[in-house]
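Asker: Pasting a structure below so you can have a look.
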Amino acid sequence: MVSYSKNVFVPLTRLCRNRCAYCTFRREPEEVRSPYLSPEEVFEIVEKGKEAGCKEVLFTFGERPEERYDEALEWLEEHGYSSTVEYLVDLCRRCVEEYDMLPHSNPGVITKREMRKLRRWNASMGLMMEILSERLCEESGPHEHSPGKRPEERLKVLKYAGELKVPFTTGILIGIGETWEERVKTLEEIQRMHERYGHVQEVIVQNFRTKPGIPMEDHPEPTPADLLRTVATARLILPDVPVQVPPNLNRETGQLALLAGANDWGGVSPVTKDYVNPEAPWPEIEELKRLTEDVGFRLRERLPIYPEYVRRGWYHANISEVVERLSDDEGFAR
C-alpha cells in the first residue's frame with residue numbers, strides 16, 4: 001500500500017532569515033507585494049482546497065523573517081501579532097474551526113513553547129533535517145548564510161516534537177554537496193530520535209533540483225541511481241517509518257523508488273502548485289493511482305497525521321472532532 005495526502009499549499013511568507021544556496025522560494029521585501037499573505041488571501045486558498053476535497057492545509061514559509069526584516073515585524077505588529085508563529089497559530093485555529101480542515105505546518109526552527117502552541121491546532125508538523133553537517137554551514141557551503149540550518153538547531157526541534165508527542169515529518173535533501181557518510185549519519189540521527197520517542201511519522205528523501213538564478217544553478221543534480229540507493233538505505237535504517245519520495249520531482253523514477261522501498265507520495269494538491277519547486281507540477285491523482293498500481297501497489301489517501309498516530313490518539317482535543325470526522329476506522333482518510 002502506498003499513501004498520499006490531498007492538500008492545499010499556503011505560502012504564508014516568502015521572506016526568510018536563511019539564505020540557502022539551493023532555494024528559489026525566498027524573496028527580498030522589495031520583491032513581494034506584502035510581507036505576508038493576509039487572512040483573506042489565506043482563506044481564499046483554503047476555501048478552494050475544501051471545494052476540491054482537500055483535507056490538509058499545508059503551511060510552508062520562510063523562517064522567522066521578523067528577525068531579519070523590519071517590514072515583516074511591522075506587518076505583524078500592525079495586524080496584532082508579535083511573531084510569525086503567533087499569526088500561524090491563529091490561522092490554523094480558523095482552518096479547524098471554520099473549514100473542518102487539518103493544518104500541517106512547516107514553521108522552521110521554533111522553540112518548544114511555540115511548538116506547544118502550534119500543537120493545539122495542527123494535526124502534524126514538519127522540519128527537514130536537510131543534511132546534518134557543520135561542514136555545509138562553513139564558507140561557500142549551501143548553508144553558510146542560514147543560521148536555522150545548524151545541525152544542533154534542527155535536532156533540537158526534532159527532539160521537542162518527540163517530547164510533545166507531535167506526529168512529525170522530517171527528511172533529507174540530497175545532492176547539495178554532502179558526502180554519502182553525512183547522508184547516512186543524518187538518517188541514523190533521525191532513527192535514533194524515533195527510537196527514543198516514536199514520533200517520526202515519515203521521512204522524505206528529496207532530491208536537489210537546479211533552478212535558474214540560484215547560487216547553485218550549475219551544481220549537478222543527483223542521478224536516479226543515487227536517489228534510489230538513498231531510498232533503499234533509508235528503508236534499511238528506518239524499517240518502521242514510511243519513506244516518501246515527491247512524485248513531482250521524480251516523474252521518471254517514482255515507480256522505481258516504490259520498488260526501492262518508498263511507500264508514500266506525500267502531499268499532492270489539485271489546487272495549488274509546489275511553490276518550493278514551481279517548475280515541477282503535481283501529477284493528477286488518477287495518474288498517481290496508475291503509477292502506483294502498475295508496479296503492484298494500492299494507492300490510499302491519508303490525512304496529514306498518519307494512520308498509526310490517529311489510532312494512537314496523538315492529537316490535541318481541539319482538533320479531535322475534525323480528525324475523527326475525516327478518518328476511517330483504520331486512521332486513513334474517509
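Placement of Cβ uses the backbone N, Cα and C atoms for every residue, glycine included.
This is the feature table in Swiss-Prot:
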DOMAIN    2-248  domain 'Radical SAM core'
BINDING   Cys16, Cys20, Cys23  [4Fe-4S] cluster binding site
Asker: Given the [4Fe-4S] cluster site residues Cys16, Cys20, Cys23, which other residues of that chain have a Cβ within 8 Å of the mean position of their Cβ atoms, reported in sequence order?
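Answerer: Leaving out the recorded residues gives Asn18, Arg19, Tyr22, Phe25, Arg26, Gly62, Ser146.
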Asker: In the structure shown, which of the binding-site residues Cys16, Cys20, Cys23 has the fewest other Cβ atoms within 10 Å?
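Answerer: Fewest other Cβ atoms within 10 Å, among the binding-site residues Cys16, Cys20, Cys23, is found for Cys23.
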Asker: Find the average pLDDT over the domain 'Radical SAM core' (2-248) in the predicted model and report it.
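Answerer: Averaging the confidence scores along the domain 'Radical SAM core' (2-248) gives 98.
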